Each structure stands twice: as structure tokens, then as C-alpha cells.
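Undergrad: Sharing a structure here in C-alpha cells format.
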Amino acid sequence: MGALRPQPPRMPAGHVAPAYWQKRGLAAWALWPLAQLYRALVAARRGLYRAGWLKAQHPGRPVIVVGNVIAGGAGKTPVVIALARHLQARGLRVGVIARGHGRSRRDCRAVLPDSPASAVGDEPALIARHFANGPAVPVFVARRRISAARALLAAHPDTDVLLCDDGLQHLALRRDLEICVFNDQGLGNGFLQPAGPLREPWPRSVDFVLHAGAAPGGSPAPAFGVQRSLAPCALRSDGAAVPLARLQGQPLHALAAVARPGEFFAMLQARGLTLAHTEALPDHYDLQRWERMTDPRLTLICTEKDAVKLWPLHPDALAVPLVLHIDPGFFAALDAWLPARRAMPEIAPGSDAAAIIAGTEPTLPENHRPMDPKLLQLLVCPVTKGPLRYDRAAQELISRSARLAYPVRDGIPVLLENEARPLTDEELEQ
């Protein structure tokens, strides 16, 4: 089955996406047949999951995936950090899982604030540093996200919710909520790779859309705007803040090993900074191999993501954090989703609830009795381990995460997948 996993071509190392990804010119149309082959592979893989030939696994806690459908940087990691802080403010214990792109190891491990980015990946290292002081947010990386989730929950069993940094296309991890992030280039020319920037066809089903530019069309999901700006101060490796205004007039060497380095350089210049030299490197570039070729008297300035790799060898570098301003309506919508998704209480082995979940119904008394409301609080969807909603009129237990409705017969819920019916899109929107 692994042969059917689509492998899109990588972006040109270290520089902006091809210009033909933004318009449907000759180059894009020439690659269009390959894009159709890629489309077929994507559809075939998704079909294998829908048919049950490939199994998606759920870790037993609500999973929120923050991802994108375009190649290159969309600003997912700052969204994950903002989400983690928001969920903490709501009293939830948050964990973060990721693959750790660009790291030298393929094992499953915890990410600490001082973990080398080369071993855990630059984005996970950045997230761990953000939560070094204050309420802890455990971060785990693994090639398989489900392995990272299980390791995190084994080490931190009190975790209420998991955030997955990237992984919208990682269908092996069953999720409860999907957030798709777009940068200001949107859908580009709308073609799939390699003719365009899309990793999969759009529109696709997601729960929320966050967009830095115009809202992408075609999706019924609620869309909310995002504004990105540079923080007013750069940071030294020791945590000291340096106001950007103080750097005006100084010649700077700006370095960026991100998907869209030109955007970072433009934001620096918009702050009135003088860039004597700009250097764009491949995204996730191993900066341990980087050698400074410019005048060492130039102040070295970089992105916050690059700093976690640059500071061990160049502690004099300044890092400029990115500040994210998300439409408050998004957090209001997220808060409305949260109450029913809190971690469910443990179910005692041998109890009626455990028997029902296992699919062995307890013996009913001869007289009819309604379903005990207390029992509902103990039940979870057997497929996703997510919460259930009782539809009294239809006598069904609704699982939005699994898109299934389980029957309730004589007051007893029958949580068997082969007894459930699929929910329609219209029912999911209600």
C-alpha cells in the first residue's frame, strides 16, 4: 500500500515557489498531466482509508490538526502556539505532536526547550522554547504522529487535548478538528503539484480556515482572517530584547531558512531596517553546516525559527519573532466546539458502559427503560474515542468526529460500527 502514498516534488531549495504556480501559463499547463496523475494517487490513498483498507488511529484524546493544502510555509506553527496559549487560558492541559521535518533522527522523542533542532526539527524546538517558562506544554515528535501522541499521553496522561503541527494529509492519524491555514498567496493557480502549489484538491472538508490574504473560495467552512507582523523587538540568545528601532541605520545581514524568505526580508525593510546582505537558504536547512561569508561586523538577524539552529554556533545573532493577529471570531467558534470535547472520564472494566462500548449489550429488564443520562457522560465513540450527542427524537448517538450515528434500542446504545449509519453533510452542518 505504501507505493500508493503520493510524494509531491519538493519546492526549489531555499527559494520562492515557481512563478508559474501563481498563474496558469504554459509551464503550468505543460505539467498539468502530471498533476492529474498526482490527483489520482491522492484520491486512491484517501479511498483506501474510507474503505477501511488503511486504518486511521485515534490516541484517545481530542486531536486538533493545524495544516495546509499548499506547498511551502503557510504559518502553521505560530497558529499552533497561539492555539496552545488560548486552550491553556481555558483551563485545558495541552500537548503538541509533530513529525519534526528536517531532523537527523527518525525516532520518537520528547522535545525539551534545549533540545537541538537538528535532532527534533526546528518547528518543534521553537514550540518547546515558547513554553519553557510558564505552564508546561509537552511536545513530542515521531515519524508517525500516532506514535508521538501515544508517547506523549504515556508520559503526560493528564493531557486534555492534542495539537498536531502539520499533518492535514497524514490520514493515519484520526482527528477531531481540522484547521487549514493559507498564506497571502492563497490557492495560487489552483493546480495540484507539480503544476501548482496544491498538495490535494481544494475545496476539501475542513472545520475552519485561517487566511492571511483573501479567503480561498469554494469551502463552506467558516473562514477567519489572520494578520502577521514582526514583533517590535528582536531577541538575543540570552533572552534580552533589542528594539528594532534601535537597529535602524545599522547595516544588517538578514538570513532566512524558511519557505518564503523574501517575505521576512520585506517585513524587515518595512520597519526601516537596512539590509546590507540577504541570504535565503532551503527551508529546514541544517545551519550547523552554514558558514558566514560576510563581514562579521554586520549584525546578523534571522527568523525566530532559524534562531533555534543558529544560536548554538552564532549566539550574537538577533531573532525577530512573528506576531500573529487572529480574528477573535475564530476563538469564539473554537470555544463553542470545546465543551463537549473535554477528555472523557475513565470507564471501569466490567461496567455496563464498558460492555456497551465493547459491543456486548447487558441484559435488559423486561420492562422498557430509557437510557440513563449518567451513562451518556461515560460513553465515547468506539472509532474516534470522541464525544457523543444524544438525539432523543431519532434515538441515535451522534459522533461528528466519526461522521456516524449509532442506534439506541430500548434505551441501550449499540456502539457497533457495522450498526451505525453514516451522517450526511447536511446533518453535520446542523
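Even glycines carry a Cβ here, placed using N, Cα and C.
Got these off Swiss-Prot a minute ago, pasting:
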{"type": "REGION", "residues": "1-370", "note": "region 'Tetraacyldisaccharide 4'-kinase'"}
{"type": "BINDING", "residues": "Ile70, Ala71, Gly72, Gly73, Ala74, Gly75, Lys76, Thr77", "note": "ATP binding site"}
{"type": "REGION", "residues": "371-396", "note": "region 'UPF0434'"}
Undergrad: Below 8 Å Cβ to Cβ and six or more residues apart, same chain only. Which residues does that give for Ala74 (ATP binding site)?
TA: Asn68, Val181, Phe182, Asn183, Ala212
Undergrad: Around the ATP site recorded as Ile70, Ala71, Gly72, Gly73, Ala74, Gly75, Lys76, Thr77, what other same-chain residues have a C-beta within 8 angstroms of the site's C-beta center?
TA: Asn68, Val181, Asn183, Ala259
Undergrad: Counting only residues 6+ apart in the same chain, whose Cβ is under 8 Å from the Cβ of Thr77 (ATP binding site)?
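TA: Spatial neighbours, sequence-distant, of Thr77 (ATP binding site): Glu123, Leu126, Ile127, Asp165, Lys305.
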Undergrad: Do you know the mean pLDDT across the region 'UPF0434' (371-396)?
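TA: Looking only at the region 'UPF0434' (371-396), pLDDT averages out to 70.
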Undergrad: Give me the count of other Cβ atoms within 10 A of the Cβ belonging to Ala71 (ATP binding site).
TA: 21
Undergrad: Reduce the DSSP letter at Ile70 (ATP binding site) to three states and note it down.
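TA: DSSP call for Ile70 (ATP binding site): strand.
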